[in-house]
Each structure stands twice: as structure tokens, then as C-alpha cells.
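These notes are about the structure you will find just below.
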Amino acid sequence: MIYQSPTIQVELLEDNIAKLCFNAPGSVNKFDRETLASLDAALDSIKQDSNIKALVLTSSKDTFIVGADITEFLGLFAQDDAVLLSWVEQANAVFNKLEDLPFPTASAIKGFALGGGCETILTTDFRIADTTAKIGLPETKLGIIPGFGGTVRLPRVIGADNALEWITTGKDQRAEDALKVGAVDAVVAPQALEAAAIQMLKDAVAEKLDWQARRNRKLSALTLPKLEAMMSFTTAKGMVFAVAGKHYPAPMAAVSVIEQASTKGRAEALQIEHQAFIKLAKTDVAKALIGIFLNDQFVKGKAKKAGKLAKEVNNAAVLGAGIMGGGIAYQSASKGTPIVMKDIAQPALDLGLNEAAKLLSAQVARGRSTPEKMAKVLNNITPSLDYAAIKHSDVVVEAVVEHPKIKAQVLAEVEGYVSEDAIIASNTSTISINLLAKSMKKPERFCGMHFFNPVHKMPLVEVIRGEHSSEETIASVVAYASKMGKTPIVVNDCPGFFVNRVLFPYFAGFNGLLAEGGDFAAIDKVMEKQFGWPMGPAYLLDVVGLDTGHHAQAVMAEGFPDRMGKSGTDAIDVMFENKRLGQKNGKGFYVYSVDSRGKPKKDVDPTSYGLLKDAFGELKAFEADDIIARTMIPMIIETVRCLEEGIVASPAEADMGLVYGLGFPPFRGGVFRYLDTMGVANFVALADKYAHLGGLYQVTDAMRTLAANNGSYYQA
């Protein structure tokens with residue numbers, strides 16, 4: 001053994017080829033500080049052994065290296081610039097040491113080689129991948145750029161245009177696609193991987209392959225004609241900005257770094273990367289996006305733990321077909337859990353099956369599935385008009401019409417047809433789980449399971465704990481949601497649960513602006529372009545449906561009369577009373593038509609302006625800051641109330657609920673990350689300026705205490 005540490009082992013194979021194996025104690029290899037230090041020490045040991053003629057990098061795991069240890073980032077990035085620069089330079093010195101070894105090197109890549117893992121393989125002269133490999137630099141998704149030489153080496157290996165696409169999108173690349181652009185030199189079967197890499201090194205040692213020419217290309221400036229380079233980078237800037245926009249600076253920074261570094265040798269090029277990396281690491285956007293990644297890991301970790309308490313779900317059922325039932329059936333069946341779709345009407349079953357078939361056909365059309373897989377998934381969906389079909393179901397999801405009496409009746413009926421230990425969940429967005437539980441003989445096996453529409457696109461599922469729900473019930477539904485490919489958060493029962501409870505104060509703020517003459521299209525523009533929502537409040541209400549919004553608003557007003565009670569007619573009432581229901585009937589705040597691709601197209605409608613003018617008078621202009629404050633303050637305070645009341649368990653789960661359930665702008669990180677970035681004291685001062693508008697604008701005592709103590713919701 002040439003070198004051994006808890007994360008890396010180096011041994012000498014036949015023909016004096018050394019093998020460096022990444023072998024961290026956990027399930028995957030990461031580039032944490034310990035691994036970087038071990039790699040540095042391992043390379044020193046390798047350099048001192050004069051017998052070594054070549055080096056192959058391998059992994060003992062199913063994956064190569066998944067990237068840097070992101071749990072270290074927030075603490076590290078909070079350091080002074082000088083400390084951060086020192087860390088980046090030390091890390092890059094290790095990668096340079098690997099690249100500069102006096103003999104040929106190769107990487108044997110299986111599974112993921114992402115971020116720092118990808119940057120590792122770029123330092124070697126040859127790269128062999130097996131068919132499971134996925135390679136990429138996802139750093140821009142975290143608000144930063146590659147920091148271990150990725151922006152320098154990748155363009156010199158695969159060309160500037162390909163590197164720009166890889167780095168600015170942050171997407172993983174399959175082995176076959178990596179081969180096409182020259183990121184890897186060969187793709188082989190998994191069992192042949194190490195042997196293929198070793199054979200390539202033998203050929204290099206025997207001078208059949210010119211490894212030094214390959215290395216020199218990476219150490220030198222890019223060989224791009226000046227005019228071609230200018231055209232490439234100008235085009236890239238336009239395309240990247242069109243996608244990333246002003247709120248996500250990292251992709252544009254990556255283009256700029258690659259452009260500036262293209263005429264430099266390795267040392268100067270790396271310095272350009274270092275400076276850009278440090279600048280981005282200090283941004284609020286990086287903090288927010290890294291926070292989302294960590295929160296996502298936290299929420300999924302909780303779901304994984306729940307799996308240990310969960311009852312195994314081998315068969316499921318959904319009651320109520322149609323679009324929602326079909327979406328739930330598709331999601332369950334496509335992830336491997338057979339499901340019965342039960343309804344009282346054949347047309348509804350047909351609609352549900354058509355919805356599943358439509359979603360599957362789209363997967364086939366995009367090359368993400370095959371007709372054979374589509375047929376298998378459809379065979380996993382059993383439509384039925386008879387309750388007898390659900391008797392073997394481990395979990396039954398009730399998804400009938402949103403009416404408490406109908407749901408209660410269906411839930412009571414279901415208990416008579418399923419086994420004693422079957423779990424029953426209601427897909428409701430507004431009806432109290434405790435209320436529905438009263439219709440059941442065994443309320444301990446009942447909880448809420450709130451899917452968001454469209455089911456196949458929205459990642460969040462709210463699992464609602466009623467006062468009688470058992471831990472096994474909650475754990476089982478959480479595990480089932482995870483198995484369906486969803487991100488579940490557990491919330492306690494209250495009107496609106498978590499997501500709708502915090503959404504409707506936002507709509508109340510919007511209604512307040514319109515009642516004073518606000519222009520809904522101008523408000524939408526501010527909330528989309530400046531705050532960063534995917535759609536503004538008027539457009540969102542049209543998509544949700546103004547009938548749904550009207551009903552949910554009434555539920556919230558009844559549940560929280562002090563803050564959400566209404567004293568008169570608001571804009572939602574005006575639209576609803578004039579049968580303007582939004583996209584579903586072609587007219588709401590906006591009017592809708594179908595574009596050439598068959599997608600809904602919205603236009604401003606003078607009729608809706610006329611109705612609002614009749615109700616609230618002439619239009620009045622509001623400043624953008626005023627619009628943001630009046631819509632967001634109520635949502636933020638209500639989110640904090642949910643945490644304080646224990647409706648949601650942690651800031652992390654609340655923020656993921658907002659990002660995954662409502663599309664809260666990821667670059668802001670969620671309400672609690674936004675509060676920490678803004679400063680709780682600054683928010684309290686802002687809210688106090690609007691406190692005269694009512695209870696929705698009045699901060700809690702706990703918020704005032706936190707502000708006075710200069711506290712924060714996250715610890716890093």
C-alpha cells in the first residue's frame with residue numbers, strides 16, 4: 001500500500017501502474033476538506049515512489065465523486081475574502097499537482113462525477129466512463145461557478161461552445177453524450193471499466209498514445225480564432241441571459257470567466273476563476289440556492305427516516321378519477337406502485353386514464369420513456385366502478401370533489417371495504433382533517449395528503465397530521481409520497497394547512513391594492529419581474545381558478561376571522577360573481593386564447609378593468625416597493641405564525657413548502673432565508689409602516705424579540 005487514509009487508498013498494480021481509490025466511509029464520495037487533504041498527501045506519496053509509471057483514479061462506490069461537501073459551504077463562504085481565496089488556492093494546488101504528475105493519468109468513471117468530481121477527472125490525461133456514468137458541473141444551480149478549475153479545463157477539453165452549455169445549464173451529461181463532445185475517451189460496460197482504463201495507460205506508457213500533447217492543450221490558452229471567439233461569447237451571453245435573467249448572476253459570470261480566461265495559460269486562467277468564484281460565493285443568491293439544496297436534503301432525510309416506521313405500500317388506490325385522480329394514478333404507477341382508480345362514473349374513469357396516457361405519451365415523445373414502459377405503467381392502473389377492487393390496497397387516497405359532506409360520506413364507505421390496517425388519506429386543499437376524521441371508525445389510520453396541481457409537475461405533497469393520526473399512518477404516507485417521487489412535508493391540521501394558509505394573506509394584500517385602484521397587470525409585472533414569482537397574483541388566481549380561490553378565501557376567513565375576515569366585496573368576489581373563473585372558462589382577470597402550440601395565451605381584457613373600475617373607482621399607480629411590501633408582508637408574517645404555532649416543524653420545511661408548492665423565487669431561498677437576508681429587525685420596521693392596514697400586517701411578539709436580539713431563523 002502506497003498510501004492509506006479513511007477516504008483514499010493508493011496501491012501499486014501490475015506494470016507499475018498505481019491505483020488511487022476514493023473510498024469515503026459514507027455511501028458516496030464527496031470532496032470535503034478531509035478528502036482534499038488526503039488527496040494532497042496521497043499525491044505526495046505517489047510523487048515520491050519512483051517505480052510508478054502511470055496512475056488510474058477509481059471509486060469503491062457506485063458513483064465516482066458526487067461533488068464538494070455542500071454542508072461546508074455556508075460557513076466557509078461567510079469567511080473573509082482572504083480566507084476564502086486561500087481555501088480556493090490551496091484546493092487548486094492539489095488539482096494542479098494531480099495534473100502535473102510526471103506520467104500519464106486516467107480516470108475510471110462510474111455513476112456520478114459531478115462538480116469537484118468532474119473537475120477531478122478533467123485533470124487526468126484520459127477519461128474512461130462506464131454506461132452508468134453521469135458527468136457535469138452543476139455549480140451554477142447553487143449560485144456559484146466551478147471553483148476547482150472547471151471553467152478553465154472543460155473548454156480546453158471539449159471546446160468553448162460545449163463547455164458554455166455544460167456550465168451555464170448545470171445539467172448532468174450521460175456517458176454517451178460526454179463521449180460525443182470528447183469529455184470522455186471511451187464508454188465501456190461496467191465490468192470492463194478498470195481494465196479499459198489500465199489498458200489505455202499501458203498504451204500511453206508504451207507511447208502509442210500521446211498523453212503529453214493532451215496535457216499541454218489543457219495548460220495552454222484556447223486555440224480559437226479571434227472573430228470566432230467574439231461571436232461565440234456574444235451569442236452565449238444573449239442566450240444565457242434570456243434563460244437565467246437578472247436574478248441569477250452565476251451563468252452570466254461563467255460565460256465572462258471562460259471568455260476572459262480563453263487567452264490565458266492555466267495559472268492566469270485559474271486566478272480569473274478564483275476571483276469570480278469568491279465574488280459569487282458572497283452573494284445572497286448563492287446563500288439562498290445553497291440553502292435550498294441543504295433544506296431539500298434535510299426534508300428528504302426526514303422522509304427517509306419515516307420510512308423505517310412506515311407500513312410497506314405495495315398496492316394503492318385513488319378514489320375519484322378525472323384530471324387529479326388520473327395524475328395521482330400516473331404518478332404512483334410510473335414509480336412502480338400499482339394503483340386502482342375508483343370512480344362512480346365511467347366518463348370520469350375514461351378521463352383519468354386519458355390523463356395518465358397523455359402524460360406517458362409525452363414522456364415517450366421526449367425520449368424519456370418507451371412504448372413498452374408506457375404499456376407497463378398503464379397496466380399498473382386498474383380502473384373500477386366497484387369498491388371491491390380496493391380491498392387489497394395498503395393506502396387509499398380519497399380525491400373526490402372538494403365538499404366536506406361528500407368526502408365524509410366516501411371516507412366512511414371506504415372503511416367498510418379495506419383491511420383493518422389499510423391507511424386512508426384525503427387529498428384536500430381546504431377541509432379540516434380533524435373534521436373529516438369524525439366520519440371514521442378508526443381515525444388513527446387517517447391523515448391528509450395534499451397534492452398540488454398539476455400532480456406530475458409539482459414536487460410538493462403536504463402530509464397533514466390530524467389530532468388522531470398515528471405515527472405509523474403519517475410515516476407510511478410520507479414514505480408513499482417519497483416513493484412517488486414527491487417531496488413530502490408534514491404539517492399539522494389548521495384551515496388551509498400550511499401552503500394555502502400562507503398564500504391567501506398574499507392574495508389579501510393583492511385585493512387591498514386593487515380596492516385602492518391598483519392595476520392588476522402592473523402588480524403582476526412587479527411581482528414577476530422584480531420579486532421573481534413565476535406568475536403574479538392575478539395570473540396565479542386565473543390559473544388556480546377564481547371559483548377555487550373564492551371558496552378557499554371563505555374557508556380562510558372563517559378560520560382566521562380576526563386577520564382574514566372580510567368586510568366587503570373584493571376583486572376575487574367581483575370576478576367570481578361575473579362568472580370570470582380564469583383559464584378554465586377563458587376569462588378571469590385576463591382573457592385567454594390558445595396559441596399555435598396549443599398552450600393558453602393571456603391578454604389584458606378591458607372588460608375586467610371595467611368591472612374593477614365599477615367596484616373600486618379609477619386606476620391608481622403604486623410604487624414597486626409598495627406593491628412588494630403590501631403583498632409579501634402578510635405572507636411572511638403568516639409563515640412565521642405557522643412556525644410559531646407548530647403547524648410546520650422548521651424553517652427548512654416551511655421554505656421548501658413555499659419553493660416547491662408555490663414557486664417562491666428560489667434565488668430568495670424561501671420566507672425564512674429571505675427574512676435572514678433582509679434582517680429580521682429591518683423587516684419588523686418595514687411591517688410596522690403598514691400595520692395600519694390590519695392584522696395581516698402586524699408582526700408577532702416573538703418576531704420583535706428576535707429582531708431586538710439581532711437573531712436569525714437559520715444558524716448558518
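Cβ atoms here come from the backbone N, Cα and C positions, even for glycine.
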Co-listed NAD(+)-binding residue [Swiss-Prot; alongside D343, V400, V401, E402, K407, S429, N453] among M324, M440: M324
DSSP-derived class (H/G/I helix, E/B strand, else coil) of H450 (active site, for 3-hydroxyacyl-CoA dehydrogenase activity): strand
Same chain, 6+ residues apart, C-beta under 8 Å of the C-beta of V400 (NAD(+) binding site), given in sequence order: L319, G320, I406, K407, V410
Mean predicted confidence [pLDDT] for the region 'Enoyl-CoA hydratase/isomerase' (1-189): 97
Cβ-based isolation winner (fewest other Cβ atoms within 10 Å) among the recorded positions E119, D343, E402: E402
Alpha-carbon distance [E119 (site 'Important for catalytic activity'); H450 (active site, for 3-hydroxyacyl-CoA dehydrogenase activity)] in Å: 41
K407 (NAD(+) binding site): tally of other CB atoms within 10 A of its CB: 23
Which same-chain residues, if any, lie at least 6 apart from E139 (site 'Important for catalytic activity') yet have Cβ under 8 Å of it: G115, I145, P146, G147, G150, I167, G170, A250
Minimum Cα separation from E119 (site 'Important for catalytic activity'), reported as the residue among binding-site residues M324, D343, V401, S429, N453 that achieves it: N453
Those residues of the chain, 6+ apart, with a Cβ under 8 Å from that of M324 (NAD(+) binding site): A399, N427, F451, N453, V455
